[in-house]
Structures are given as C-alpha cells and as structure tokens.
Amino acid sequence: MERDEYQLPNSHGKNTFLSRIFGLQSDEVNPSLNSQEMSNFPLPDIERGSSLLHSTNDSREDVDENDLRVPESDQGTSTEEEDEVDEEQVQAYAPQISDGLNGDHQLNSVTSKENVLETEKSNLERLVEGSTDDSVPKVGQLSSEEEEDNEFINNDGFDDDTPLFQKSKIHEFSSKKSNTIEDGKRPLFFRHIYQNNRPQRDTQKLFTSSNAIHHDKDKSANNGPRNINGNQKHGTKYFGSATQPRFTGSPLNNTNRFTKLFPLRKPNLLSNISVLNNTPEDRINTLSVKERALWKWANVENLDIFLQDVYNYYLGNGFYCIILEKILNICTLLFVVFVSTYMGHCVDYSKLPTSHRVSDIIIDKCYSNSITGFTKFFLWMFYFFVILKIVQLYFDVQKLSELQNFYKYLLNISDDELQTLPWQNVIQQLMYLKDQNAMTANVVEVKAKNRIDAHDVANRIMRRENYLIALYNSDILNLSLPIPLFRTNVLTKTLEWNINLCVMGFVFNESGFIKQSILKPSQREFTREELQKRFMLAGFLNIILAPFLVTYFVLLYFFRYFNEYKTSPGSIGARQYTPIAEWKFREYNELYHIFKKRISLSTTLANKYVDQFPKEKTNLFLKFVSFICGSFVAILAFLTVFDPENFLNFEITSDRSVIFYITILGAIWSVSRNTITQEYHVFDPEETLKELYEYTHYLPKEWEGRYHKEEIKLEFCKLYNLRIVILLRELTSLMITPFVLWFSLPSSAGRIVDFFRENSEYVDGLGYVCKYAMFNMKNIDGEDTHSMDEDSLTKKIAVNGSHTLNSKRRSKFTAEDHSDKDLANNKMLQSYVYFMDDYSNSENLTGKYQLPAKKGYPNNEGDSFLNNKYSWRKQFQPGQKPELFRIGKHALGPGHNISPAIYSTRNPGKNWDNNNNGDDIKNGTNNATAKNDDNNGNNDHEYVLTESFLDSGAFPNHDVIDHNKMLNSNYNGNGILNKGGVLGLVKEYYKKSDVGR
C-alpha cells in the first residue's frame, strides 16, 4: 500500500501520529521519541467532517523542521473535555497497538498498517461526529505540577535553563478518572506511545476568511456584539483564564462608545486568500503589501513580542517619528563625542589671550598628531559601536515597515492618527482582526489569539514590568552600602538598568517566559548562586566602563542643562519624581503612556504641597548669599564704568579677570534670589495630599493624621526630589553601582528567586505571569474577586480603605494592616479599579497627549488644579472674610467656626465698636456696615470690613483700642502713649526695624 494513499490535500505532511507508530523503518526500534516533534499538533477541522485521514511519514526526518513553530503561550494544563477525548483515543487504539507490537514485532508490515489505519479512520469519524471539542492540544510551558509528573521522560543532558515551552509536553493519564489506563502496568515504550501519540486530525488551513465555515459556526454559537475585551455583550466574561470565572457585570460592556468617539473602519481582509495558504516564507516577496502583512500576522510565533512591538510602534507615534528619533539619538552621540574630543585635543588654549581668530588657536592635523595611543583606541571602538547602531537601524527600518503595513492595511490606522488615537481603539481593531482571521500557521497560537482582550494584551506587554512593580514594592532589594551617606536604598537609572539586565535577563528567556529552573524549589540554591555570580560579573564590567560612562554623561548633562540653568536660574529648584517613586506609583497592567500622563499631571499639586511648608532658615541664608554676591557685582560693575576696556581684563586673582568674577557672582546671585520663597500659600497639606493622591495613587497609612508634619514632607521629598540632586545622584551612581552590585545585591539573590517562584501564577493561554496582575485574589475575606462585579469590588475597597470613592469610581485605598501581604493585595485591588476606569470610562478615551474633558483638569493654562487661588486683592478686599479662603470645606467646620457674637446675621450692628458712630465718617474712617439683601429673602448679609474692623469686637480677647488714639502719632502699638515723643519713636523704630534686610 502506498503511503500517499491516505494523505489529504493541504496536509503538508504534518500528520505525525502514524509515522510515530509505524514509520520507524529501521530494524532496531528506538523507544525514545523526538521531543521537538511533539510540539506540532494541528487543529481539529470541524468543517471537514468525517473525512479526516492522515498521511504517514517514512521517518521522523521527513518532518519539515522549518514548519515546526515554537509554541508561544498555550501553556496550560488540559481541560476535562480534552482529558476525556484523550482517554477515549488511548483506549480505542490500545488493542490494535498491542496486537501490532506484541505479535510478531513486525512494525513495518503492510497488514498491520492497514488494520490500524482502518480502525483509526472509524474512530476519528466517531470522535468528530460526536464531539464538538475544538480546543487546541496543550503544548508549551508546563505548569509546575506537570513538570514534576513528567520528569521521568526528560533527558539527563537537557539544559535546566531550557524554557518549559520548548520541551514536549507529556500528557499524563494517571488517576484523573476511574477508567484511565494505568501506565505503570505497561513497558516504558508503550507508555511513551499511549501518553504522547494522539490521532492527528487534518491541519487547519493557513488562513480563514471572514466567511469561512469555522468562523460562521463560531459566530452563530457566539452571537452578539463584542466589546473591547473580546466578549459578548450579554453574559460577558472579562478577565481570567479559560478555566476560571472572570469578572462579570463590568461597565466594559459598552460596545459602541469607542467607535462613536473615534470612528474606525473594521479590518476588511481579502475575499480570496486561498493563494496564501500555500505560500512559503521564501516567496512572500511575491505577494502584495496587504497580503504580506496578512501572512506576517498569521505566522506570528511569539505573541508577547509581537504585541510589544505593536505597542512600541503606537508609543513612538509611527514609522517616521521612530526612525527620526533613532537617527537623532545617533547624531547626539556623535556630537557629544566629537565635540569633546575636538575641544580637548585640537584647541591650543595657551594662545587664547593673544589671538583674535579661531584659526590661530586650532592645532593642525590634531587627529593624527595630538590624538594617540589610548584615546585613539577608544575612538576606533566608538566608530565600531556607531557602525553597529547604523546596522541595527537598518533592520529596525525593515521591522518598522512591517508594523506600518500591519497598522495601515490590517488595522486601518494611519501614522497620522496615532498621536490622537486612544490605545483602546487599537485593541478594538485587534479584536476585529482576530474575529475575522483567528487561525494561524502556528496552531498552538490559536488559543492565545482567541484571548486577545484589554487585560490579556496588557499582561503580555507588561509581563516583565508587572514583576518589577511587585519587586520594587516588596522592598527585598538591598541597594545600600555600609559607608556614610550611602546607607539608604537609593535607586538610580543606572542601577535600575543593571538590575533589569541581571535579574530579568536571568529569570526570563529570549522568548519572554520564566525559565523552568526559577520555578522549581529543588533548584533554588543553584539559581541563587548563579544570580549572585551574575551580579558580581555585572559589577566588574561596570568598574571597567565607569570612567567612560562618567565622562559621557557629564558632558551630556552639561550640554543639555547648562543653558537652561543659565537663562532660567529658578529652574535649579525644579523637582521631579525619583526612579523608585515611579515604580511605587505605577499600577499593575498600567501601560506606560497612561502612567506618564498621570504622573505629569501630578507635578502641579506636588509642587503646591512642598511649597506650602515655610523654608525660613533656607531663605535667611540665601538672602545673605545674594546680598554678598550682589554687592561685589555692583562694585565691579561700578568700577568698570570708569575704564571699561582695561578694567574688564584686570586680574583680581591669578588668571582670573573681572569678567570671570562678574559672571560667577552674578550667577550665584541669580540662583539664590530665584530660590527664595516670596509667595504666600494657603497651608492645607492634608487636602493637597488627598488631591495629589488622585494622580500618584500613593498615600501610606503611616502618613494619616500627620500630613502637616515636617517629617512627612521630607519623606515625600525623597520621592519628589530636586532635579539637580537627582542628576548628581546619577553621576555618583556610575561610580557607586559596581560596589552595590558586588557587595549588596548578592545578599538579596535568594529572596529574589523566592519572589519569582512565589508570585508567579499560571494562566491557561498566557503562561506564567505575576499573580497580582491577574486581579484574582481569593484570600480577601474568603471571597473571589473574579466572581464580583466592579461595583461590589469598589465598595469593598472603600470599606477597607481609609478614603472614599469619588464619582469616577476612583478609590482612595490604603491598607488597614501593615503586613507586606496585605499591602500587596491592596495595591492589586487598587490597580484593578484604576484599570477598569481607564478602559471602561469613556472620558478616558483620549490620545497620549490629550486630557479627558472632565472636571478636575485645567481647561486653560491659567486654570489651577486647586480651588486655592491666592490673591491679596481678592482675599482682603472690602466685604471678604479671610477665613473663607481655606482649601477645604472644613475651614468653617468644627473648631473653625466664627463666633456668633462676632458675625450675627440678625443684628450685626450690636457687635461693632459702639464708640464708632457716624462721626467717624467725617474723620476719614469708615465703619463696618451690614447690608441686608432683601431681594434674596434670606438672612445672608454682605459685610464691608474696613479699618474699623480692627477696633470691633471681632477680637474680644484684645484690649479695645481707641481708633482716634491710633491716629495720634504719640500712640504706640501696645495701647500706651510714648513718653519720649519723637526720640521715643526713633528709639522704637531702631529697636524693631529690619535693618539687615
């Protein structure tokens, strides 16, 4: 019988079931199976019905290795339905396989092949007709339980760091049901066959059009519109895995509001794309641009990397913006290196005083004569690095071109729209594209693509970032040094980059999944030692690179910020958030553009909170410094008037002329004067911090009731520090980071390994992700958040937290318990609420640079975030009460109420000074009068408060001062007449005057 007799068209020789049993044409049967061959399981084809027959292969070498694709994320354990089908298949084939193998051991006999093929055909027809299971066989990164059960099949020489998704999944059939065949009763070879070989079904076509049978059947079974999470409008399930209940009752159900605000055409794929099914990879250049983009989409091998590229393209505002940014970054690097090299080796500074032209001080052939040895070697190294960057740019252009075609032809989004288009619309277009063409060439990707929704997309894009958020919030990293000034944990960008390289590069493999060795408790000591070695190696490399990095960044910061500080000296007091603050403020699954906008909006409130606290000691010192510097500048400027040509070049000290000192002292004077606080601010730090919390999402329980304390302000300033201090720390970090990597971080290696193992949660279709990013916590009062709708969960957060939710479902959530577990759980719940608000609130459907049109954001540049606009004219104009100009509503609450005896609306005239009558008007003074607003028909009165208010009963504890005596020059401020006359006044003036200011 010919082997091709049973081969179906479009199968491409992918059927490997029969070849694994009968295709071993050698006399010696090898009981070990090719593990990589197990990763290629085609989909069941429902539309082909009972015509599912499979071709056999002469040997395992006949399988095209190029067509075998690494499973990206279908890393789950089998569901119950798949287990039932697998067991039926094993039981159906067991007699035939046993007869064929235990008889004459003729594995290559034609009769045995025909019998088993006929039995396989009948059983497959029965399974297809009686089963509607279209799930994909689970291939990929195994869960930890499956790893322990299947360790017997792994080769001893297999690399421990090989990711789980690259290993073949050995399906277990032990003790799941009573009728399962016991593997222990069979030889190892039979167990291999029973556990690994299933009847292979006809492979799905590479592409399916929008009107394909499978798609129509799926649409009929799941009839109804879909929302942004890829779920139906009724009976919606939002988050979770395929085997877990998801959040229900969410306002994400609103389907049409996205297309109403930003109308986009749904992806319209080609009507006839059957030609693409047989197009190999080496001939995709013959396809049109749209067909090639569709071919790339169908051949996605790693959905994590693909979605990260899609998001980075959106974040970079399209093809031309990204390319321009990369080119300008290379130009910046070239400029810094060449300018610094030229100024250091090609200029003869000794000729500057006597020369009048640039050509007089330039050294000829400086690159060949002046630059030698060590410097020239590193210049050549720099040239080589620039060449690598240019080559990388070439490949980036090709990759970005493919992404541009994907956006343009498949998502119907142009580059011009990316700057104003919300990310939610991009997800919506991805879901439409998935609905039209969910099938791919890589069959194990089908289930992953069927899980495309807002939550899963965020988990894939931020798989690493979610772990980093939890890592930095857990405070398990030791970043201090046992030397003065460095005993506290200070995170800098340099140290953050090294941690990301050492930790994340060690925990995750090249495909973006956690390595097997990290998840196994038995390999904890091995991974801990390897991570320690990695830290120490990174520290050694940083020591070697430190001199060059310090030189480069000093020049870069000098060129970037010198002119800013020169033209705007007040900007030296500008503040920004530290790197550790950004990680503490960021929520799980919060994409970078959302976080960046939120943090940028918080700076106004953060400055207001810091500026509320007086800085009298600093002001006094700066006033003295500005006075001294200003005095010297004035003297030098005055002397310059008499002889401007000669005096400007007059040397006050060795090689330091008058111009030098005028420049230096003038800069110091300008900085000190602009740093002095001269404005008046309303002091209400509690209300300001609560408003600031709406943007930072950070308000520790320890701060409660102490918002007005100086120590709380200092603690906040550690997170919101001066920019000049942060820059100095970055430069210092270039020299300190090697020692932190060598001495401090290795002690945290064990806790880091435990952190990843304990905080990793397996999700079917996603793989291992940070458990807090799944928003699934069952240990809060024994309730499962997946079974709660958003309103119920929001109310629960409001009860547990110390703050209340506002109308936009924003929770002000702080922990009641100070344990690390409760703090982590509280942050997870908080992240869930804000995630729902970002994706379900139509007001947040804005681009990366736009503000939502809602209350709380300034409409104009002059508008303030707070209701505390301070104006002396407004606050103290006649008829106003200064007490009403507090930020909070509690200004006139308990403890702040104005005495009824003072502000009596019934008869206000009784409370004023009875000594002042109408005659005072003649004397040039005005009484406080009360005007009753009869038109309003209420008891509200408008008071006109003038100078006589000081003489009234508004201050009952003070002695009543005769107003006429105040006009007398012999009257002092204490109610006592000066006995000394004019001399007494002069003495009193010098006693209380502010001469030093």
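Every residue gets a Cβ built from N, Cα and C, even glycine.
Topology check against Swiss-Prot: I580 and L823 carry an identical topological domain name and occupy the same side of the membrane. Swiss-Prot lists region 'Disordered' at one of the ranges 94-126, 127-159, 853-885, 886-918, namely 127-159. Cα of S842 (phosphoserine) to Cα of K701 (ubiquitin cross-link): a span of 32 Å. DSSP assigns S657 (phosphoserine) to a strand. Burial estimate for the modified residues (S657, S842): highest at S657, by number of other CB atoms within 10 Å.
Between the CA atoms of S657 (phosphoserine) and K701 (ubiquitin cross-link) there is a gap of 57 Å, rounded to the nearest whole number. In the three-state DSSP classification, K701 (ubiquitin cross-link) falls within a helix.
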